[in-house]
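First up is the structure itself, then whatever we jot down about it.
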Amino acid sequence: MIKVEWFYWLCGIFFVLIALQVLNDRSNPKRIGSAAFWGILGLSFGYGTFVVNKTAPSWILGIAVIGLAVLAGCGFPGKGQERTTTPAERVKFADRFGNKLFLPALVIPVVAALFGAWLAKVKLGDGTPLLQSGSATIIGLGVASLLALAVGVALLRPRSPAVPLHEGRRLLEHIGWAAILPQMLATLGLLFNASGVGKAVGRVTDHLVPKGSLIAAVALYCIGMAVFTIIMGNAFAAFPVMTAAVGWPLLVQQFDGTPAVVFAIGMLAGFCGTLCTPMAANFNIVPAALLEMKDQYGPIKAQIPTAIPLLGCNIAIMYFFAF
Amino acid sequence: MWVLLAIAVVVVGFALRLNSMLVVTAAGIVAGLIGGLSPVKILNAFGDGFASSRSVTVFIVTLPVIGLIERYGLQHQARKLISKLTFATTGRLLAIYLLIRQGTAALGLTSIGGPAQAVRPLIHPMAAGAAERRYGKLPEKLQEKIKGFAASADTVGLFFGEDIFVAIGSILLITGFVDATYGLQLEAIDIALWAIPTGICALLIHGARLLYLDRQLDNLAREARAEAKETVK
């Protein structure tokens with residue numbers, strides 16, 4: 001069976017190699033702290049395997065995670081000087097390689113989709129799935145990236161095997177600590193749950209609905225999903241809370257709504273919130289960093305005018321079709 | 001109730017634009033302390049959470065190959081290609097991408113797009129290329145606008161497409177949670193079907209805004225040109 005942990009180790013090794021490169025990069029004014037950031041991150045990815053298997057204490061990783069946050073707060077990791085081709089060289093290369101340049105980029109989605117849609121269902125001789133169940137997409141992305149890299153190297157023949165690593169570091173240094181913000185937010189969700197934040201929010205929303213008004217209850221559920229998603233950065237975290245507070249007791253039990261419609265559209269109302277929040281870093285902040293935007297809220301600003309009318313659509317659809 | 005202070009930490013921290021990593025860590029510690037967790041338990045929660053959510057960071061394995069093809073002129077080639085398609089304005093291109101992204105996500109092919117896999121190497125260079133053909137060298141305002149909308153086309157398409165596919169995380173979460181908590185037996189396919197009306201609304205609203213983007217870019221370009229003239233005088 002192909003295990004997802006292998007790919008976490010691949011990520012870990014990548015981060016550690018980056019750390020070593022950064023340590024040797026005299027052009028980076030913050031090279032020690034930056035190398036520490038990437039190095040700790042890389043080791044955490046490997047150590048995480050043992051935490052998930054419960055063979056190593058998790059508080060050690062907890063200290064490492066807080067260490068990463070402190071390093072990020074102190075302005076690490078920083079950027080070194082970019083060592084890549086000049087725009088003039090790139091034009092020349094583009095003339096030489098032409099549309100073949102797209103080939104590696106297209107390998108990634110095609111192979112990843114193949115894994116997600118087809119190999120995910122393949123079973124080995126002894127009945128176990130070929131890919132660790134629930135992780136086909138991640139495994140597919142990992143394999144696809146390696147294959148694309150092989151295609152890219154064969155096609156473009158960079159002068160040294162370290163070139164892709166340097167180029168990967170160039171992009172990673174642009175992203176900086178934002179690369180692991182999504183992971184931090186997922187961690188925060190876990191802590192919020194363990195501390196009872198969800199229950200407390202449920203008690204507050206209890207006092208907000210005028211008794212007996214269907215449209216008010218529908219709006220409360222949908223807007224509550226969106227607002228709580230904006231705060232938590234994740235509709236999955238908001239769904240159990242708002243459903244326990246409003247969706248189930250009011251909309252399904254009291255107003256006799258169709259459960260499938262109420263819950264499906266409730267979740268989509270939460271997605272409208274995801275479009276508006278920096279807390280959903282992997283969807284909103286990481287793209288801004290990847291595209292090297294000056295304004296890290298640029299994608300959110302492009303999305304809010306879509307999210308608001310769409311939330312209205314959700315309220316209307318639920319009101320007219322669920323009851 | 002005091003545990004809600006942790007949410008206040010998040011809101012205030014983001015409003016003051018403090019370092020997000022620090023804000024999130026502080027909010028987690030505050031929630032844990034008020035919620036009565038011991039320091040060791042808080043550290044354990046940080047460790048467990050981080051280890052079990054490593055999957056969201058796996059996108060970084062695409063960076064070396066993307067960096068490599070960028071080194072050999074990917075963006076230039078994308079611009080060259082797009083300059084041959086005269087019908088393809090920035091807005092129309094992004095609207096077509098929105099449709100493709102949403103359609104493939106609805107078939108469960110969510111990994112086909114994404115900011116690292118598709119937007120940075122393909123979609124943004126094409127969108128920027130189309131704008132360059134129309135306006136020449138792009139002022140920063142236009143560049144930022146195009147980047148923001150390129151990212152948004154990907155995200156909106158994914159969100160309101162994936163829920164139409166049965167075996168997606170959010171649907172499994174709905175059925176799993178509701179069936180376990182309230183003893184219902186919901187069919188995933190019913191939830192998925194009820195995602196279609198919202199999906200169509202999302203396509204119409206964001207698609208229309210993407211098409212309107214062309215006119216916005218026209219205006220921005222005109223303003224930028226006027227400003228440039230002012231400074232020359």
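The chain as shown is numbered from 1 upward.
Note that Cβ sites are derived from N, Cα and C of the backbone, with glycine treated the same way.
Sequence annotations record features per position, and here TrEMBL assigns transmembrane segment to A:6-23, A:35-53, A:59-80, A:101-120, A:132-155, A:175-194, A:214-239, A:260-280, A:300-322.
Between the transmembrane segment (A:214-239) and the stretches A:6-23, A:59-80, A:132-155, A:175-194, A:300-322, it is A:300-322 that has the most C-beta pairs under 8 angstroms. For the transmembrane segment (A:35-53), the residues of the chain that approach it from at least six positions outside its boundaries are 5, 8-9, 11-20, 22-23, 60-61, 64-65, 67-68, 71-72, 76-77, 177, 180, judged by C-beta separation under 8 angstroms. Packing against the transmembrane segment (A:59-80) from elsewhere in the chain are residues 22, 25, 27-31, 33-34, 36-38, 40-41, 43-44, 47-48, 51, 173-174, 176-177, 180, 184, 187: each is 6 or more residues past its ends and has a CB under 8 Å from a CB in it. Most Cβ pairs under 8 Å with the transmembrane segment (A:6-23) belong to A:132-155, among the candidate stretches A:132-155, A:260-280, A:300-322. Outside the transmembrane segment (A:300-322) by six or more residues, the chain places 214-215, 218-219, 221-223, 226, 251, 257-258, 261-262, 265-266, 268-269, 272-273, 275-278, 284 with a CB less than 8 A from a CB of the stretch.
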